[in-house]
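Participant: Dropping the structure in here first, questions after.
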Amino acid sequence: MLGYHSADEIRAAEAATGDLLASGVLMRRAAAGLAGVVAAELRARRGAVYGSRVGLVVGAGDNGGDALFAGANLRARGVAVTAVLLAPDRAHAAGLAAFRRAGGRVVDALGHDLDLVVDGVVGLGGSGPLRPAAAAVFEHVRAPVVAVDIPSGVDADTGVVHDPSVHAAVTVTFGARRRAHILAADQCGRVECVDIGIDVPGARMVALDDHDVATNWPVPGPADDKYSQGVTGIIAGSDRFPGAAMLCTGAAVAATSGMVRYVGTAAGDILSRHPEVVAAPDLDSAGRVQAWVIGPGAGTDDDAADKVHSILATDLPVLVDADGLTVLAAHLDWVQQREAPTLLTPHAGEFARLAGAPVGSDRVTAVTDLATRLGATVLLKGRITVVADGAGPVLVNDAGASWAATAGAGDVLSGLAGALLAAGLTARVAAASAARVHAHAAILAARGDDDTSAGAPIGASDLLAAIRPAIREMRSVA
Ligand SMILES: NC(=O)C1=CN([C@@H]2O[C@H](COP(=O)(O)OP(=O)(O)OC[C@H]3O[C@@H](n4cnc5c(N)ncnc54)[C@H](OP(=O)(O)O)[C@@H]3O)[C@@H](O)[C@H]2O)[C@@H](O)CC1
Ligand SMILES: Nc1ncnc2c1ncn2[C@@H]1O[C@H](COP(=O)(O)OP(=O)(O)O)[C@@H](O)[C@H]1O
Ligand SMILES: [K+]
């Protein structure tokens, strides 16, 4: 599990070191770590540190100070270092003095022959897009960028990527990861966290890793039978959308052992593909389950709404997705009155229907607010999945690629998460674990049989077929 911290949490941890902050010791440690990462990057990219060329883009605050001290350190390793000062009168004085003493040169514009550029424009103190002077410098940068703390122009807490902003190959941060490092993961590139001896509290935003997912994943034990592992009930599909039922039910079958029940009009198709599913024409004859998934392709007419109402009136865990969410948007009290766990899995459009307003740029706050208002767990889909229940830490997953942005992929996700709910995982952990396996399955499916493949587009059926290989790979690391 990795934690991601807010700017306030980081600043408080730095302030708590007292003299270490005031005397500049923290900055020296940060700069030494930064220089170490830049040197390693130079070695990896051109085979040597000595004789390479690095350009610094230096803002008016301590972020620029880090860059200047690191520049001095790199000079001592035989690197030719030049610096553009965006605010020459306000550049970090001690950093600039050290840089000059070490033989660093201040220039008006960066050269075109640089091996790396260091973005020391702005870090935790930034807001909004890159200002014009900084943007003008980066417009001509072709070399890979190492960002100090945060790529400039990216908001540290919300991860909003302003335009223009810096796109980094590597981001070097200090003491603990910032929220932007996962919320804007693609913009940050690889994130290296340097220890500077600060003590940060437990994070309010965390990401499960493969090991967490694997250790939580339910597998049958010696005393288990088909009922004891939790039976998943799926209410999905319609004459118009039978495929949603196939994908959702298929994912539940792939996710766990035990039993999957299906209620709806697609029973014939489902049984021909998944004969292990126990199908029933209506809720009354469905049999007992430990959690319900309702909504994918299920329609929004009165009959569909009645089903959503009946299912939410049970005291079982319920996952509502897709059409179920559209129905729910007009009946939020059906969720608010529940005591059993409820997991809602909207994409951005469904989220706007539920919340009454678009997600906006601060996705984490938006999801947390909706979860709190509804007394439910909300999973917001996308490249970065956000799961909040309004009480525990927010769980975030970076899919690492966007192959899952394909029709029907959401139906696979709800089947997966529903099966985990039935197995007894909490709604937050079920949601975040399903998102991580789903994302990994998309990558495996896109890659095909070739480990080194750059990937090719997939459909949701391919993603479904890769669920078991994804679970297998994750379990093999645990
Ligand atoms: N504290 C510590 O212990 C440690 C701190 N550390 C480091 O300090 C960093 C925080 O430093 P900080 O607080 O000085 O703020 P910082 O990020 O440099 O930005 C302020 C300047 O940016 C400018 N600016 C703002 N927005 C902008 C934009 N969009 N585009 C362009 N410019 C913009 C703004 O200009 P102004 O508004 O004043 O004109 C202001 O001058 C932190 O991220 C880490 O790197 C490490 O050394 C570890 C120890
Ligand atoms: N850009 C993206 N990168 C990675 N995953 C994505 C991206 N966009 C969507 N996804 C994932 O793909 C799935 C799409 O779900 P959804 O929009 O409900 O589609 P559908 O309703 O057609 O099944 C979700 O699991 C979501 O998290
Ligand atoms: K920066």
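Start at 1 and count along the chain as shown; that gives each residue its number.
Using the three backbone atoms N, Cα and C, a Cβ is placed for every residue, glycine included.
Got these off TrEMBL a minute ago, pasting:
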- 62-66, 123-129, ASP149, ALA244, GLY297, HIS347, ASP411: (6S)-NADPHX binding site (BINDING)
- ASN63, ASP119, SER152: K(+) binding site (BINDING)
- LYS381, GLY382, ARG383, ILE384, THR385, GLY410: AMP binding site (BINDING)
- 10-204: domain 'YjeF N-terminal' (DOMAIN)
- 209-474: domain 'YjeF C-terminal' (DOMAIN)
Participant: Relative to the Cβ of GLY410 (AMP binding site), which residues of the same chain, six or more apart in sequence, are found under 8 Å away?
Facilitator: PRO296, ASP321, ALA322, THR345, HIS347, LYS381
Participant: Cβ within 8 Å of the AMP site centroid (LYS381, GLY382, ARG383, ILE384, THR385, GLY410 excluded): which residues?
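Facilitator: For the AMP site the neighbour list reads HIS347, LEU380, VAL386, ALA399, ALA404, ALA435.
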Participant: Considering Cα atoms only, can you say which of ASP62, GLY65, SER127 is the nearest neighbour of GLY382 (AMP binding site) among these binding-site residues?
Facilitator: SER127
Participant: Are any of the binding-site residues ASP149, LYS381, GLY410 near ligand 2, with a Cβ under 6 Å from it, and if so which?
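Facilitator: List returned for ligand 2: LYS381, GLY410.
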Participant: By a 10 A CB contact count over all chains shown, which of the binding-site residues listed here is most packed: HIS347, LYS381, ARG383?
Facilitator: LYS381
Participant: How far is it from ASP149 ((6S)-NADPHX binding site) to ARG383 (AMP binding site), counting Cα to Cα, in Å?
Facilitator: 22
Participant: Could you measure between ILE384 (AMP binding site) and SER127 ((6S)-NADPHX binding site) for me? Cα positions, answer in whole angstrom.
Facilitator: 22
Participant: Counting Cβ atoms within 10 Å across all protein chains shown, which of the binding-site residues ASP62, ASP119, ASP149 comes out on top?
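Facilitator: For the binding-site residues ASP62, ASP119, ASP149, the Cβ with the most other Cβ atoms within 10 Å is ASP119.
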Participant: Checking the binding-site residues ASP119, SER127, ASP149: which ones have Cβ within under 6 Å of ligand 1?
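Facilitator: Close enough to ligand 1 are SER127, ASP149.
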